[in-house]
Every structure is written in C-alpha cells, then in structure tokens.
Amino acid sequence: MPSILLLGSGFVAHPTLEYLSRRKENNITVACRTLSKAEAFINGIPNSKAIALDVNDEAALEKAVSEHDLTISLIPYTYHATVMKAAIKHGKHVCTTSYVNPKMAELEEAAIKAGSICMNEIGVDPGIDHLYAIKTIEEVHKAGGKIKSFLSYCGGLPAPEDSNNPLGYKFSWSSRGVLLALRNSAKFYENGKLVEIDGKDLMETAKPYFIYPGYAFVCYPNRDSTVYQERYQIPEAETIIRGTLRYQGFPEFIHCLVDMGFLDETAQEYLSPEAPALPWKEVTARVIKAESSSEADLIKKISSIHKFKDEDDKKRILNGLKWLGMFSSKPVTPRGNPLDTLCATLEELMQYEEGERDMLILQHKFEVETKEGKRQTRTCTLLDYGVPNGYTSMAKLVGVPCGVATQQILDGVINTPGVLAPNDMKLCGPLIDTLAKEGIRLEEEIIDEE
C-alpha cells in the first residue's frame with residue numbers, strides 16, 4: 001500500500017490530493033503546522049489522514065518523511081533541500097513543482113546511491129512548459145531539422161471579464177513574490193547576440209505579443225533564458241527567450257511604481273508596524289520626496305521622476321494610483337518598507353472575488369528550418385480557465401501534474417534515481433499522455449512558410 005506525505009495545504013495542494021486519492025491503494029497523510037487546518041483540508045477526501053507537523057523541526061520532519069514512501073513538498077522552496085536530504089537518508093522519494101536550485105542539485109549523487117527519485121519542476125511553469133518544449137524539439141531534430149528560434153511565454157491572469165483594475169491583474173497568493181520577480185534582471189539570446197537587461201529596466205522592454213486576436217497581451221523576458229540552449233539541446237538556436245505575459249497597461253503601471261520607489265525594501269521608521277498609521281498621501285509624499293502631500297504636488301513630483309509615454313498614458317496611470325488610494329487620506333497598513341506597505345493595499349484591493357475566475361495562457365513558438373531548408377513555425381498553446389468558486393486554473397495546472405508525476409513514481413513509470421526534472425522524452429512522454437487524459441494538453445500547430 002503506497003504511503004504519501006503531502007507537505008502544505010495551499011491552493012495548489014488540493015488538486016494534487018484529489019488526484020492521488022482516486023487510487024484506493026494510496027494512503028495519504030497531509031501535514032500542516034496546525035492539526036485543525038490539515039483536518040479541514042482533507043474533509044471529504046477518501047484514504048487520507050491529517051497530522052500536525054512543524055517543518056522547522058528537522059527531527060520531526062525527518063521522522064514523518066521516513067515513514068512514507070514518497071513526500072510531496074508544496075511548502076516554500078527553501079525547505080525542499082531539507083526534505084530531500086531526509087528522504088535520501090531513508091531511501092524514500094520526493095516530488096516538488098519548484099525549479100532545481102543549487103542546494104537541491106548537489107544531492108544528485110546521494111540520491112542515486114540511495115535509489116531515491118527526487119522529481120522537480122512538474123507544475124505548469126516550470127512543468128508542462130518543459131514537456132512540450134522537449135517533445136517539439138525532439139520531433140524537429142529527429143526529422144533532421146533545426147530550431148532557429150524558441151520563444152516561450154506564460155501568464156497567470158484574471159479572465160478578461162475579471163481584469164477590472166488598473167493593473168489588469170489579481171493575486172491568488174502573496175503579491176510580494178509577484179512584485180519581487182519584476183525586479184529580476186533578464187538574460188537571453190536574440191538573433192545570435194547575448195542580451196542582458198537590468199531589473200530596473202525590465203518593464204521598459206515589454207512589448208505587445210500576439211496569440212489570439214481577442215486578447216491584448218504584452219510580454220517581457222524572465223531571468224536567465226540562456227541556460228535552455230544546453231538544457232533543451234538547441235545549440236543551433238539564435239534566439240531563446242522565456243518570459244511572462246500580462247495584459248496591456250501592466251508594464252507601464254509597474255514601471256511608474258518602480259520609479260516612485262515603491263518596489264524598495266529599505267526599512268523606513270515611519271512605516272514601522274509599531275508607528276501610527278500615516279495617511280496614504282503622506283506616505284506617497286515621503287517615498288517620492290514631494291514638496292507636500294497635496295495631490296498637485298504629488299502629481300508634479302511623479303511627472304518629474306517618471307517619463308509617461310503620452311498624455312493618455314499619464315492620465316490612465318495617475319487614475320490607477322488614485323484607485324489604489326495613494327493620494328488619499330486613508331491610513332496605510334504599515335509593513336516596515338515601501339514594497340510591503342504597497343503589497344498590503346494590493347492584496348486588499350486586488351483579490352479574486354466570489355464567482356470570478358482566473359486564466360492561464362502558455363505558448364511556445366518555434367521557428368524551424370527543415371531538413372530540406374524550408375522555414376516553418378510551430379506553436380504549442382494552452383489557454384485554460386478556472387472554475388468560479390472551484391479550482392483556479394493555476395491550482396489545477398500546477399497541482400494535477402504534480403499528482404500525476406507522484407503516481408508515476410509510485411507505479412514505477414518514473415524509475416530513474418537522482419535529482420530529476422523533465423528533460424527527455426522517457427520522462428516527458430508518459431506525463432504528456434496521462435495529462436492529456438485529464439484534459440490538460442497544448443494545442444500544436446505547424447505553419448509551413450512558402
């Protein structure tokens with residue numbers, strides 16, 4: 001009887017739990033810091049039990065891991081290496097949806113020696129994106145073709161009808177991580193040249209990206225795309241860019257917040273949680289160093305530190321800042337620094353309301369040179385909506401692949417020990433097939449150029 005330990009009870013974990021509970025032989029233990037939370041989480045789910053576990057207690061964590069065949073780690077990625085060490089020590093397996101970081105990668109030799117399978121990067125991005133990238137690249141190479149360009153963009157967004165705020169974005173989890181990602185620098189290949197973009201300039205590089213006529217997407221690059229030349233075995237590719245999709249208007253608004261200093265984590269006494277809560281207009285004035293907190297002075301200062309594209313852009317962004325309350329007398333929720341204080345307001349105003357749904361869009365676009373020297377464009381596209389008052393698209397598309405990979409480890413389909421991620425068709429093929437049965441697949445299209 002396979003035994004599974006599920007660490008975490010976030011929104012992604014429930015689709016994982018539901019998928020694995022379909023197999024009657026699986027015994028699933030859900031661990032949370034408080035027993036009541038774990039019990040509420042498994043309510044109505046067969047063959048599951050709840051335990052209280054503090055993952056900061058390494059001895060208790062190791063004991064729990066050692067008592068199960070496989071541990072699913074859906075807690076913050078900083079804990080994954082600790083979970084993997086405990087599993088490897090006892091010859092057990094692990095599954096995560098996170099990128100393999102250096103601390104995880106260095107456990108490769110120990111995992112192989114112990115016969116432990118530590119599967120990672122099996123959500124949507126990373127995860128489903130890898131599956132179809134590997135599939136397409138292998139198909140092209142087997143046919144004697146070359147990948148000349150690889151573009152991959154993904155966005156978790158509100159459905160168009162629910163994108164009703166100045167950012168066209170909503171938070172289903174902490175806004176802090178979303179905003180911090182906007183400060184990351186980017187590195188990619190474009191037309192054979194290495195391009196590097198500083199984090200502060202990232203939003204300026206955003207440009208329209210066409211997938212379907214009904215959606216106004218913009219794209220910008222993510223972190224280091226250059227590593228995928230080797231990982232995906234496409235040394236011939238002159239352009240390799242992985243990036244993020246947002247609705248139009250998002251980058252300009254974020255760029256203004258960056259210029260104003262609201263993505264800054266520097267502690268400020270006047271934003272201390274112990275200090276009296278100041279009105280928003282006073283905080284805005286202090287952060288941007290305006291002459292006063294009057295709306296006229298705030299707008300004057302913002303106009304001097306941020307270059308608006310045109311008058312329409314200026315009007316839209318200033319209206320957005322007003323919508324957030326940044327020129328108002330409403331007290332802020334002080335969280336120590338400008339970034340976290342802004343996050344408190346974003347999380348208050350930009351949550352999904354009851355009955356609203358999210359959307360996930362993912363597309364790979366390959367420019368291919370065939371064996372015969374002809375050009376073709378290949379696309380793999382996923383457009384998925386959440387269910388109002390049910391699973392979000394993001395939860396399903398991260399949680400179900402994690403559940404599928406877990407089951408394939410237990411069934412012996414994934415059977416190579418080590419620290420793994422989807423890197424070849426031996427791993428990717430069965431995952432693609434099983435996910436398709438769950439209704440999770442990318443639509444593939446080939447357009448031959450004359």
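Every residue gets a Cβ built from N, Cα and C, even glycine.
So that you can see what the record holds, here are the features copied from Swiss-Prot:
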BINDING   9-12, 32-34, 54-55, Ile75, 97-98, 124-126, Ser174  NADP(+) binding site
BINDING   Ser98, Tyr99, Asp125, Arg223, Thr244, Leu245, Arg246  L-saccharopine binding site
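Positions of the features from Swiss-Prot, shown on the structure.
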| residue | record | Cβ within 10 Å |
| --- | --- | --- |
| Phe11 | NADP(+) binding site | 17 |
| Cys32 | NADP(+) binding site | 24 |
| Val55 | NADP(+) binding site | 19 |
| Thr97 | NADP(+) binding site | 25 |
| Tyr99 | L-saccharopine binding site | 14 |
| Val124 | NADP(+) binding site | 25 |
| Asp125 | L-saccharopine binding site | 22 |
| Pro126 | NADP(+) binding site | 20 |
| Arg223 | L-saccharopine binding site | 16 |
| Thr244 | L-saccharopine binding site | 23 |
Note = Cα-Cα, Arg246 (L-saccharopine binding site) versus Phe11 (NADP(+) binding site), nearest Å, comes out at 22
Request  = Only counting partners 6 or more residues apart, tell me which same-chain residues put their Cβ under 8 Å from the Cβ of Ser98 (L-saccharopine binding site).
outcome  = Ser73, Tyr77, His80, Asn120, Glu121, Pro126
Query = Where does Val55 (NADP(+) binding site) sit in DSSP terms: helix, strand, or coil?
reply = coil
Message = Fewest other C-beta atoms within 10 angstroms of its own C-beta: which of the binding-site residues Ser9, Thr34 fits that?
response = Thr34
Task = Do me a favour and check the Cα-Cα span between Val124 (NADP(+) binding site) and Arg223 (L-saccharopine binding site); whole Å is fine.
result = 17
Note = Pairwise CA distances across Ser98, Tyr99, Asp125, Arg223, Thr244, Leu245, Arg246 (listed as binding L-saccharopine) top out, in Å, at 22
Ask   = Tell me which residues of the chain lie with their Cβ under 8 angstroms from that of Leu245 (L-saccharopine binding site), as long as they are six or more apart in sequence?
value = Tyr153, Cys154, Gly155, Leu157, Tyr209, Phe217, Val218, Cys219, Ile361
Integer Cα-Cα distance in angstrom, Tyr99 (L-saccharopine binding site) to Ser9 (NADP(+) binding site) = 20
Request  = Quick one: give me the count of other CB atoms within 10 A of the CB of Arg246 (L-saccharopine binding site).
outcome  = 26
Ask   = Phe11 (NADP(+) binding site) to Asp125 (L-saccharopine binding site): how many Å between their Cα atoms?
value = 16
